[in-house]
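Student: OK, Swiss-Prot features for this one:
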| type | residues | note |
| --- | --- | --- |
| BINDING | S9, M44, Q45, D221 | substrate binding site |
| BINDING | D111, A142, E147, K180 | ATP binding site |
Amino acid sequence: MKNVLSIQSHVIYGHAGNSAAVFPMQRLGVNVWPLNTVQLSNHMQYGHWAGSAIDAAKMEQLVDGIAAIGALKRCDAVLSGFLGSPAQARAAVEIVRTVKATNPNAWYFCDPAMGQTGGIRPEPGVEEFIVAELPELADGMAPNHSELQKLAGQRIETVAEAVAACRLIIRRGPQVILVKHLHDRNSPADRFNMLVVTETEAWIGQRPLYAFPRHPVGVGDLTSAIFVARRLRGDSVRAAFEHTLAAVHAVVKATYDARRYELELVAAQDEIARPSEWFGAWVTGAD
């Protein structure tokens, strides 16, 4: 069974960061080692919360502890999400380097959280660090539309522009870019666009966009987690993308139908593993 070290925020109540990522990856047959960068009572969109960030040095100490018992060599991938400070971001880089040195076959998937995540805003300097340092280290990245523009340093309004931006980033190191949410001026307003791009291929997919009174938090974290899990299970990029599109839709639909604010991960767990409604991806902007 594959193992992934997941470095993200965590909420006790609800689903954001590792609280949105761990169970879906486990449900898909992947062992998850959660390292929580932030421990909160709940996500901050509620307006009240309690909790704090973990010290960056302790992040590295925890991973050193795994290495000390000889288990780090079994880590097949690292997934990073919210990093609250430049010190945490640097610690994540050192952790990835340690994992890759221990297991040369391990890979790193970066969800470059640069804006507000569950109401949490990273400290000044995190965005600049991510843009400058992480593409060279990452084997894959999962930006949203805004983060893609920051990574590429350009405005994006169409699918073609998004594909070109992804290819700019790919030249710096990643083999695959998953755009978790793409705004396209040519797409229908009731559709949610996702895009995945490699050096030579690109696929776009759409799912229904639901009119929530207030949108649930953690959908992006769920998206990255499912994609990583399916890739660890051996799916091709396209197959992992299509499974991610379908499974995330199932969770979002279950949440909308139940009139809930927090993602209905447990209720929709069978759909995460075996989605009943699929949305085929089609080739776009391929060389």
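For all residues, glycine too, the Cβ spot is worked out from N, Cα and C.
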Student: Count the Cβ atoms, other than its own, that fall within 10 Å of the Cβ of M44 (substrate binding site), considering every protein chain shown.
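Tutor: A 10 Å sphere around the Cβ of M44 (substrate binding site) contains 19 other Cβ atoms.
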Student: Among D111, A142, E147, K180, the annotated ATP contacts, find the widest CA pair distance and round it to a whole Å.
Tutor: 10
Student: What count of other C-beta atoms do you get within 10 angstroms of the C-beta of D221 (substrate binding site), across all chains shown?
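Tutor: So the number of other Cβ atoms within 10 Å of D221 (substrate binding site) is 31.
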Student: Compared by Cα position, which of the binding-site residues D111, A142, E147, K180 is the closest one to S9 (substrate binding site)?
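Tutor: For S9 (substrate binding site), the closest Cα among D111, A142, E147, K180 is found at D111.
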Student: Look at the binding-site residues S9, Q45 and tell me which residue has the greatest number of other C-beta atoms within 10 angstroms of its C-beta.
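Tutor: Counting every other Cβ within 10 Å of each candidate, the maximum falls on S9.
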Student: Quick one: what's DSSP say for S9 (substrate binding site), helix, strand or coil?
Tutor: strand
Student: Around the C-beta of K180 (ATP binding site), how many further C-beta atoms are within 10 angstroms, looking at every protein chain?
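Tutor: Its Cβ shell of radius 10 Å holds 25 other Cβ atoms.
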Student: What whole-number distance in angstrom separates the two most remote CA atoms of the substrate-binding residues S9, M44, Q45, D221?
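Tutor: Looking at S9, M44, Q45, D221 as a set, their Cα atoms extend up to 16 Å apart.
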Student: Show which residues of the chain containing A142 (ATP binding site), separated from it by at least 6 in sequence, have their CB under 8 Å from its CB.
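Tutor: Once residues fewer than 6 apart are set aside, A142 (ATP binding site) is near F109, C110, D111, P112, I177, L178, V179, K180, G220, T223, S224, F227.
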Student: Could you check the binding-site residues D111, E147 and say which one's CB has the most other CB atoms within 10 Å?
Tutor: D111
